[in-house]
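Here is the structure we will look at.
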């Protein structure tokens with residue numbers, strides 16, 4: 001993987017990730033394909049929304065179908081027939097979200113398989129091996145996603161262990177002869193001094209890109225913005241920056257304003273299945289009765305298949321009848337909305353008009369522009 005940085009506007013960056021499998025224009029949004037599928041979508045449909053890279057989930061694919069089934073097909077690309085690049089998370093977030101059924105040690109994490117209850121062990125080395133077998137174009141280190149709230153002492157211990165695990169991840173990744181990219185994950189909760197230690201430690205180890213982890217886990221939005229403003233300038237400018245698990249459209253806008261290049265989140269797909277649709281002027285909750293006889297398109301400014309062909313009334317009807325097509329059409333639209341948003345941000349950065357774009361984005365939704373505390 002090669003990262004090319006074209007231009008900046010304030011702290012926002014316009015560039016691209018270059019892989020053997022294709023080019024990803026940045027800032028980018030990665031749809032989430034947890035089980036080897038972006039829910040309800042064929043790879044061709046996902047690509048048609050403008051997505052150039054997707055995310056796969058190491059933890060879930062390890063449990064089902066497992067490494068051996070994956071290797072029978074070649075790798076995850078062959079298994080799911082996605083031709084572009086794939087980023088896989090390390091499994092850390094899923095393991096730590098298991099709560100009481102897992103035990104963290106210095107060596108790794110012991111837990112019960114949530115499918116059948118069998119005891120399982122996952123550590124940095126195993127995570128690197130699974131992601132190698134998946135053929136991931138971007139591999140994420142195995143870390144502990146520090147929960148929120150966490151006091152300073154806990155956050156420090158967690159961050160320091162994640163740094164030790166980062167070194168073990170790097171060593172196993174290299175020993176496998178993996179020629180793809182490996183990203184480090186910055187931890188430290190909402191504490192700037194801990195984030196400083198994490199960034200320096202990861203940069204000393206050396207990675208192809210750097211993710212900001214442990215945000216969007218319940219902390220106030222102001223804290224997320226503050227940490228991004230503090231951390232992003234410390235990440236080497238020639239490496240991509242990835243904000244994990246984020247988020248709402250406004251979170252993408254605010255991340256880009258602070259220097260983030262990559263995002264992922266289940267929100268557009270999960271919300272689509274619940275009739276929660278993102279449009280230029282805000283949100284449409286399509287199951288509301290007021291859309292029963294609305295013959296207009298979902299979003300007159302959207303060029304997706306759904307908006308070009310169907311009315312709000314039809315989408316309302318499908319939702320009320322629990323028709324699978326409704327979830328699919330909603331997903332097509334939400335994914336396209338996110339890709340159109342990212343394309344708009346990229347164009348605005350190219351033209352040096354990002355703040356004008358941001359102001360228009362919020363004004364059209366009747367909202368104030370959040371403060372930006374950067375030099």
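Residue 1 is the first one shown; counting continues down the chain.
Using the three backbone atoms N, Cα and C, a Cβ is placed for every residue, glycine included.
Keep in mind that this is a model prediction, so the values were computed, not measured.
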Select from 254-258, 259-263, 264-268, 269-273 the stretch of residues annotated by Swiss-Prot as region 'RNA binding'.
269-273
Can you find which of 50, 214, 218 Swiss-Prot lists as binding substrate at the same site as 89, 90, 91, 92, 93, 143, 187?
214
Can you say which of 245-251, 280-286, 287-293 is given as region 'RNA binding' in Swiss-Prot?
245-251
Determine which of 276, 316, 317, 333 appears in Swiss-Prot for the same Zn(2+) site as 302, 304, 307.
333
Environment of 89, 90, 91, 92, 93, 143, 187, 214, the listed substrate site - residues of the same chain whose CB lies within 8 A of the CB centroid:
96, 140, 141, 142, 144, 145, 185, 213, 244
Using C-alpha atoms only, work out the spacing between residue 302 (Zn(2+) binding site) and residue 92 (substrate binding site) and round it to an integer in Å.
36
Helix, strand and coil totals (DSSP H, G, I; E, B; other) for the region 'RNA binding' (269-273):
5 helix, 0 strand, 0 coil
What other residues of this chain sit with their CB within 8 A of the center of the CB atoms of 302, 304, 307, 333, the recorded Zn(2+) site?
297, 298, 299, 303, 305, 306, 308, 332, 336, 337
State, in Å as a whole number, the widest CA to CA span among the substrate-binding residues 89, 90, 91, 92, 93, 143, 187, 214 given in the record.
16
Residue, out of the binding-site residues 91, 92, 214, whose Cβ gathers the largest set of other Cβ atoms within 10 Å:
214
